[in-house]
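Since the structure comes first, as structure tokens, the remarks are kept for the end.
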Amino acid sequence: MEGTPAANWSVELDLGSGVPPGEEGNRTAGPPQRNEALARVEVAVLCLILFLALSGNACVLLALRTTRHKHSRLFFFMKHLSIADLVVAVFQVLPQLLWDITFRFYGPDLLCRLVKYLQVVGMFASTYLLLLMSLDRCLAICQPLRSLRRRTDRLAVLGTWLGCLVASAPQVHIFSLREVADGVFDCWAVFIQPWGPKAYVTWITLAVYIVPVIVLAACYGLISFKIWQNLRLKTAAAAAAAEGNDAAGGAGRAALARVSSVKLISKAKIRTVKMTFIIVLAFIVCWTPFFFVQMWSVWDVNAPKEASAFIIAMLLASLNSCCNPWIYMLFTGHLFHELVQRFFCCSARYLKGSRPGETSVSKKSNSSTFVLSRRSSSQRSCSQPSSA
């Protein structure tokens, strides 16, 4: 894949061999060329992805910070998933955007290794935090009495981040600043054995995509079965309650109690399960083309590695970091409603306090009153009760 910007993308390698292109016999006479039209399309797409990912996830974090329900377990996982998406945007999308603009990596060897390391950290973190949130929803539905406690949540998230940092370590050893043509240097992967690219890309695909998807499918299979059981119980209990007679009055009352219990489960948790399921679906849709072309390129020597569709497919993975904030907004719209209300409320108070013609004494008095009463009055006027 020498000469294509996609060669710089995350775990994408010089897939033709296990050595840098400059060491495959004779060096090329000059630096390879690229498709400039395709490069401009890549730059435009990456600019859009970067803007949407940064703005969307920043709004999510701000909304979670200002909500009165910030200690919710679901919101805790949403916060860390948004942080992981920001890591993807800053350390994966942004370097790739700069790389597409400059065509070659311009920087020291240490920066090359660091960028490659952080690119994969974002991939691992986004995947495994989503997996952790899905496991939490599975426990909440299937075994509510054994669901994770707050201390366990924090330890699980901390362990996930540490595991992602460790799992990404091979990038530091594999990538380095190499001479890819006469006088031309780039951040490139080097393998000792010719089967190295196959082994490494296959491992990344298993660790970041195949194994998590299998676990996610098992989680939502269990969740679906439990919900089906509850709905069936609810229907049967409602029928038994409707048939209540004098002889079965106690059974009818018990059935009504069971109906009420099922309703509580549905209202409190089904919506969060739906949200997590849509996030998982977006993850699969966005990452499948990326890993498909990665595996194709290492296992098929005749793969069209420089084709436009091949390269664009690798850009789709980052769309996942753009989709998640919109999914949050769809299912927890009250978060953004509160954020907008607080913004307009604070803006109105600022404008009111900045009216011309007021004396300095009155300004000082108004400012002091605002500071003292901000916590109580602004919360009463600017925030709405959550519907979660």
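Here the Cβ of each residue, glycine as well, is placed from N, Cα and C on the backbone.
Between Cys187 and the candidates Cys112, Cys138, Cys286, Swiss-Prot annotates a single disulfide bond, the one to Cys112. Topologically, per Swiss-Prot, Arg137 is found on the other side of the membrane from Met295.
Per Swiss-Prot, the annotated phosphoserine among residues Ser17, Ser147, Ser367 corresponds to Ser367.
Taking Ser365, Ser376, Ser381 one by one, Swiss-Prot attaches phosphoserine to Ser365. Highest Cβ contact count with the transmembrane segment (309-331) among the listed stretches 39-63, 75-97, 155-175 falls to 39-63 (criterion: pairs under 8 Å).
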